[in-house]
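Novice: One structure, pasted below without further comment.
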Amino acid sequence: MAEGEESKKMNLQTSYFDVVGICCSSEVSIVGNVLRQVDGVKEFSVIVPSRTVIVVHDTFLISPLQIVKALNQARLEASVRPYGETSLKSQWPSPFAIVSGVLLVLSFFKYFYSPLEWLAIVAVVAGVFPILAKAVASVTRFRLDINALTLIAVIATLCMQDFTEAATIVFLFSVADWLESSAAHKASIVMSSLMSLAPRKAVIADTGLEVDVDEVGINTVVSVKAGESIPIDGVVVDGSCDVDEKTLTGESFPVSKQRESTVMAATINLNGYIKVKTTALARDCVVAKMTKLVEEAQKSQTKTQRFIDKCSRYYTPAVVVSAACFAVIPVLLKVQDLSHWFHLALVVLVSGCPCGLILSTPVATFCALTKAATSGFLIKTGDCLETLAKIKIVAFDKTGTITKAEFMVSDFRSLSPSINLHKLLYWVSSIECKSSHPMAAALIDYARSVSVEPKPDIVENFQNFPGEGVYGRIDGQDIYIGNKRIAQRAGCLTDNVPDIEATMKRGKTIGYIYMGAKLTGSFNLLDGCRYGVAQALKELKS
């Protein structure tokens, strides 16, 4: 009982942090050491390529800003990531890098005015502070990272009085760090776009109050208007509509929803008004589970990555020993041109940093997983990517993978001798201009492609019938457009629809046009193949 009461008092929240100080997997243990000492942190995970730390914490005990403070005490440069941030903000280099670069360029004019040579030293001082701070933090944790190795190289270069070269090392390292941070930021945007699929607010049907989805419990009835995203998984208890489920299923054709129909968060109500009784909490919805799967896949390590991480423990000391040998052995052997050997030692020290080796595999894996996620593919782990090299048979889902998941009109015909094709297409496209259905967009585009310009202003009494079609009065005619069920609403008593369907090819969606109770036209919609699919399948077979 005591344990149950304690869990009720907790208010767990998942927060996302951008941690610029994570340059490779060796910093994961540093993050772990910091967060394990923080009271209120229940669990955490680190995604190295995007420099993301995900923390589940009790907000009664610790806030996201306090977690940031704890991480920054270890010089990890952490910040709270706004929920669902999807806009790519332009990131400028740090002021240290900019000032260092300007002074370095000015120092190159020393050949015209020799005192400008000293600007190189000022460039080192201006740009070395971030490197120095991170290097000190690394050494105090008994670790040698790229910042410590670079700082040693800069100090040694200054001792050799190669001021311009020292400034160049500082500037190039700062620029490289900025480019890496920008790449990590772009990667994190992908994860944020998945998080933002579902809305963060829901409207309670009984009161009309708008609340956070995290506050909505199970069996709560929420209302969803036309054009809005469904906030939480549930069952329709009132109303009807067509729902676009393309974000989750990849299927381009909207699904009709009636009473007792199941709906999912992040899908879009295209028309109609519905009330939904929730069947899950926001954190347990399908879209939340999908995001969780992607996070787990990004955190998982491939066999190659685990092997590289294991080797990297011994790689850094080996680099330092190798650099020391290049510097010390020539001195012991009393060889000439010692400055050349010192220079080689510095090259080994800087270029031999393990960060590039450690990051190579996880970055490639991360890019593959995130690109797949945004394209509609969920890959369980990084090991699955390595397994792809050994597969013999591939099975593809058609919609959204082989096809574009967008409708296009493949056939449009008039079934009445008294109504020509252009006249019928003019009526249909004008009425469909008032509809938000994906089928409407395809018909409008088709009309314009054959030089028929729709005029929605002349359409009267437009009505939408979810799961059936639409109605509009134009030029004195009552026009019904939709699927087979629209016939009954149009007053058609003869069952001539199956005869038309028998002439259609499989894989096409069939639409019907009624003028009053008379069937006057039909059209076919299909989901066209993606560009390059045939070539891709041919290459896979080869």
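Note that Cβ sites are derived from N, Cα and C of the backbone, with glycine treated the same way.
Pulled from Swiss-Prot, these are the listed features:
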DOMAIN    13-79  domain 'HMA'
TOPO_DOM  1-89  topological domain 'Cytoplasmic'
TOPO_DOM  135-141  topological domain 'Cytoplasmic'
TOPO_DOM  185-310  topological domain 'Cytoplasmic'
TOPO_DOM  334-341  topological domain 'Extracellular'
TOPO_DOM  360-542  topological domain 'Cytoplasmic'
TRANSMEM  90-111  transmembrane segment
TRANSMEM  115-134  transmembrane segment
TRANSMEM  142-162  transmembrane segment
TRANSMEM  164-184  transmembrane segment
TRANSMEM  311-333  transmembrane segment
TRANSMEM  342-359  transmembrane segment
Novice: According to DSSP, how is the domain 'HMA' (13-79) divided among helix, strand and coil residues?
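Specialist: Across the domain 'HMA' (13-79), the residues distribute as 21 helix, 23 strand, 23 coil.
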Novice: Mean pLDDT across the topological domain 'Extracellular' (334-341), rounded to an integer, is what?
Specialist: 82
Novice: So what's near the topological domain 'Extracellular' (334-341) in sequence-distant terms, Cβ-Cβ under 8 Å and 6+ beyond its ends?
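Specialist: The answer is 160, 326-327.
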Novice: May I ask for the residues of the chain that lie six or more residues beyond the topological domain 'Cytoplasmic' (135-141) and have a Cβ under 8 Å from a Cβ within it?
Specialist: 30, 74-75, 147-148, 150-151
Novice: DSSP-wise, what's the residue breakdown of the topological domain 'Cytoplasmic' (135-141) into helix, strand and coil?
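Specialist: Taking the topological domain 'Cytoplasmic' (135-141) as a whole: 6 helix, 0 strand, 1 coil.
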Novice: Mind tallying the topological domain 'Extracellular' (334-341) by DSSP state, helix then strand then coil?
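Specialist: Going through the topological domain 'Extracellular' (334-341) residue by residue, I get 4 helix, 0 strand, 4 coil.
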